[in-house]
Structure formats: structure tokens, C-alpha cells
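The next block holds one structure in the form of C-alpha cells; read it before the comments.
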Amino acid sequence: MTLSRAKHANRNHLPHLLAKVPEEHQEPIKNMCLKMMSHDAYGQPYDWSPRDFEMGAHLGRGKFGRVYLARERHSHYLVAMKVMFKEELRKGCVQRQVLREIEIQSRLKHPHILRLLTWFHDESRIYLALEIASEGELFKHLRGAPNHRFDEPRSAKYTYQVANALNYCHLNNVIHRDLKPENILLTSTDDLKLADFGWSAHTPNNKRRTLCGTLDYLPPEMVDGNSYDDSVDQWCLGILCYEFVVGCPPFESNSTESTYSKIRRMEISYPSHLSKGCKELIGGLLRKESKGRITLVDVMTHYWVKAGMAERELQLQKRERGKENTARN
């Protein structure tokens, strides 16, 4: 897919942005959509450009991109603008990854998937206008937590939300393939947004062989060079849940070969502080045989997840009451 073709395909997608958008944001997004549509109606397709946005504070950076707070000049709608230099993408041989990310993420609309609102490019840069997740990478919060781990109620809630997002992806024939805390963002309401679809794949036939993702999260079938299906995401969810409650991935080692060996031998140890339900869920996801892994629906309905979500809600309510009492005093 060329940049131009992807851009026009994405523009046809914009009127559907209002679906599941919070009411207070519907009018600004509608204005953005109408602005594009009105130009198209007169036979002059409107191309977004940096001139349409006021660029603000620097929010962060990745290997190939920098993210800024930006405001659309007409509607004043705030976005997180990811800016990537084409030359850096070319040198890193990741042009196809970026196009795949744009093509797939622009079509996914789910409350726990970071929304790609639109995109455009100029001679030297590519711009992705993304939904804002104000609390940033989940990895930062995990590293900042006591003992670098979350408690079980918080972990259960986050596991549910990621499972929900992945289930939606699979229903749309998309495998994420690079699940990890760095690729998940957190909102001010303690909700997760799955992001970074650079390694994702649209798989109607549901079979792949590409080795990709993050070393500590690789499933046995990838390590052994075998074909795989969307159940690799279940494996990665098991690793993620383990990292939530323990503070590190289960197969982490000081070398690639050692990590591969641990994955092949399924060397998993569970600390004594983990509950029976937590270990049961992780064990159901981390099965060497992909067909034996529990489904994402099984995850969402698991008793440990449901109980943890309820307890997390009570934690958040208590925290809000504490803030209100502090404000009064």
C-alpha cells in the first residue's frame, strides 16, 4: 500500500469515528470529519497538514518517533501527534511496519485500543494523530510500583481490559504479536489502551511464520520456527499478567539462548505471594501447546479476574473519596 492510497482509505473511515466516542468529544470530531468531507464534495480532496495543528508540549519519544500534544486549529480538539522522519524509517527498514500500523489501527475501534484519528505526511515526515492517554506507558507505572509489581486487583482489571481488546482484534482477524507493558497506555480513569500495532498482522487464514515481538514474550512455536495462529497473543497475555504480579517476565535471562531454553523447557516459578486463582489463570495461558491455551473469553470470565475487578473498583472509589476529603480540608 502506498502512502497516498492508505491516506485516502483512512479518510473514508473518518465518519465512523463518532461510534463509541464520549459525548463531550463528539462535536469536535464531527467538525473534523465535516471539514474533510466538505472539501471532498467539491472535488478537491482535503489533505491534512502540519498547518492544521498547533504543536505543543513534547510528550515522549520512541525509536522512530516523537510524540507531541497538538490541537486541531478549527475544532480545538486535542490529540497526541506522533511524528516520524521518513529517512529514519528508511534507514531502520521499518516503512512496511509503519504502513501496516496505519492500515490496521485506523480500522480498529474499541474502548481499550488507542484510536488512530487520522494521518498525513509531507516530504520528510509522517504524522499520526492519536487519541490521548494522559498517564503514558503502563511500563512506567509498573516500574514505579512497590517491588515493580501491581497488586492482584489492579492486575486482574488490566488483564481483563487487554483480553477484551485482543478478543476484538481476533474477531477482526488481527494478531497483535507484540504485547508488553511498553505498548500499553494508561488513561486518567485507570483504563488501558492497547497501542503500537507495528508488528500486528491481518490474518484471514490465521497462520503465520514470521519471528517477531519481544524476546521475553516469545511463545514456544515462534522460538521453534513453527507456524502459529492468534493464540500467540494468549501466550503473551499470560507473560504480561505474570509481569504485572511478579515484576518481571517468567523466562527473563541474561542471554537470548538462555531465554529460548527456558521457554522450550517451560521453566516457570510462581512466588509464594500469588493466589491460587492468579496462578491458575497464568498457567492456563502459558501452555506449550497452543491449542491447550484458554481462550480470551475464558480470561474475561475467570473468577480471579472478576473478583479482582470488583476489588479494584472499590480501591478507586476509596481513593477518590480520599481526594475529596483532602480538597475540603
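Cβ from N, Cα, C; glycine included.
What Swiss-Prot records for 1-21 is region 'Disordered'.
Marked as compositional bias 'Basic residues' by Swiss-Prot: 1-14.
The domain 'Protein kinase' annotation in Swiss-Prot covers 53-305, and the record cites sequence analysis as its basis.
According to Swiss-Prot, the feature ATP binding site maps to LEU59, GLY60, ARG61, GLY62, LYS63, PHE64, GLY65, ARG66, VAL67, LYS82, an assignment based on sequence analysis. DSSP assigns GLY65 (ATP binding site) to coil, not to a helix or a strand. GLY65 (ATP binding site) counts 19 other C-beta atoms within 10 Å of its own C-beta, drawing on all protein chains shown.
According to DSSP, ASP178 (active site, proton acceptor) is assigned to coil rather than to any helix or strand. Within its own chain, ASP178 (active site, proton acceptor) has ASP196, GLY198, TRP199, SER200, CYS212, GLY213, THR214, TYR217, CYS236 as residues 6 or more apart in sequence whose C-beta sits under 8 angstroms from its own. If you look up Swiss-Prot, you'll see ASP178 marked as active site, proton acceptor, on the strength of sequence analysis.
Residues LEU59, GLY60, ARG61, GLY62, LYS63, PHE64, GLY65, ARG66, VAL67, LYS82, recorded as binding ATP, reach a greatest CA to CA spacing of 14 Å. Under 8 Å, Cβ to Cβ, and six or more positions away along its own chain, LYS63 (ATP binding site) finds GLY92. Around ARG61 (ATP binding site), the same-chain residues at least 6 positions away in sequence with a Cβ under 8 Å from its Cβ are VAL67. Those same-chain residues not listed among LEU59, GLY60, ARG61, GLY62, LYS63, PHE64, GLY65, ARG66, VAL67, LYS82 yet with C-beta within 8 angstroms of the centroid of the ATP site C-beta atoms are VAL83, MET84.
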